[in-house]
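Copied over from TrEMBL, here are the features:
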- SER200: active site (ACT_SITE)
- ASP356: active site (ACT_SITE)
- HIS386: active site (ACT_SITE)
- 121-269: domain 'Alpha/beta hydrolase fold-3' (DOMAIN)
- 328-389: domain 'Alpha/beta hydrolase fold-3' (DOMAIN)
- 6-28: transmembrane segment (TRANSMEM)
Amino acid sequence: MDIGSAILIIGFAALVAAFLLLVIGLVYAELMNSDVPCGVANRGKLRMVHGLFVGIAVVARILHRLGICHQVSFTRWFVACFLSHLKQVPAGLRVKDMTFSEVPVRVYEPTSVCDGLRRGLMYFHGGGWILGSIDSVDEVCRHIAIESDTTVISVGYRLAPEHRYPAQLDDCEKATCHFLSVAETEFGVDSHRVAVGGDSTGANLAAALCQRLACSEDRHLPFPCAQVLIYPALQMADFNLPSYQQNHAVPILFRGRMAFYFLQYLNGDVSLCQEVLEGNHVPTELRPRYELWLSPSNLPPECLTRGFYKHPSPEYDGEVYHAIKEGLEPEVSPLLADDALIQKTPRTFILTCEYDVLRDDGILYRKRLLDLGKDVTWQHVLDGFHGMINFFNQGWLTFPSAVQVVDGAVHYIKTL
């Protein structure tokens, strides 16, 4: 080997070593900013999983800044290649990929004999409106379909940043209406027993869709019989609720990240993140109404035991409001809808996790529904954290408590 080749090899090795040291340093710094409370299930594994996701995010940011690829594209690629492994379809289930009104869907049909028509479930995956896919919730949908004897439709709606609001909600509506129109004739499903549901931002889409359909003047199709909301994101007016304060650094969803997702969904201007976290985007005249619905006094006393302080009244910034004003509309923040609209929603299942920034969104929505005399079933996972459903039946990534989350939904769906 000549001297020039040796120098090139040494230089490349040094570059790789520097890159690895940079990644390790950034990952370590991120991990030091995280908080895994003692009450969280499988704390050690959560730390490890969080470290993996932070590593992916750090590498994605570096590649993005070097102009090699977009950070979201890299994250999607990594998750698809290494964290979304499709297994052989089990006995008793038929799975097929289709399109409903040009929207990709995956249909899970139990093959067991059924007396009469089956129930159905439209399922919308989570992922902050920018991540997630049909594949990422494949195990969850298989389990729900088999255990509850339900035909499940998993919807592959368009994602940000390529597609902004309302593309995601539009896709969910198109797929749902298509299924409702052919449920009985093509799938042997009772169109009056079709529920909508999802996890995290997918649950946001389910709740928003129910409200959108309730406002629709074209009601020739049956209305969803229920909404199944698993740790839902339901409002972007207040990022200082007790659950946001208590769990601001609990993996895998940090407080700042939720604001980031909302902004990506709306317009992609993440420079507004801090302004939104402070509440500067909420007009002064709207605050009394939102306070009525979002006040910590509406929460059960146990939600305040881990500490809470009243956030100072923020200074309203009209420019920020006009940039994100759609985010305060019910189609993005279903919790902020008027009573008359929420009154029209179907019966509801809400699952919340104690160590989740979105915990209070679900609990406050439950209270609004109950105050209006609506039928609500609530399940609270005391040792749960956000995103648990993504670790259901995922080999070494599996969290036992994820079974509790999925089976809670299964138990409820059986009652429909």
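Placement of Cβ uses the backbone N, Cα and C atoms for every residue, glycine included.
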On the 0 to 100 pLDDT scale, where does the domain 'Alpha/beta hydrolase fold-3' (121-269) sit on average?
96
Spatial neighbours of HIS386 (active site) that are distant in sequence (at least 6 apart) but have CB under 8 A:
SER200, TYR231, VAL250, ILE252, LEU253, CYS353, TYR355, ASP356, VAL357, LEU358
Just going by other Cβ atoms within 10 Å, which of the active-site residues SER200, ASP356 has the emptiest spot?
ASP356
Could you break down the residues of the domain 'Alpha/beta hydrolase fold-3' (328-389) into DSSP helix, strand and coil, giving a count for each?
23 helix, 19 strand, 20 coil
For the domain 'Alpha/beta hydrolase fold-3' (121-269), jot down how many residues DSSP puts in helix, in strand and in coil.
67 helix, 26 strand, 56 coil
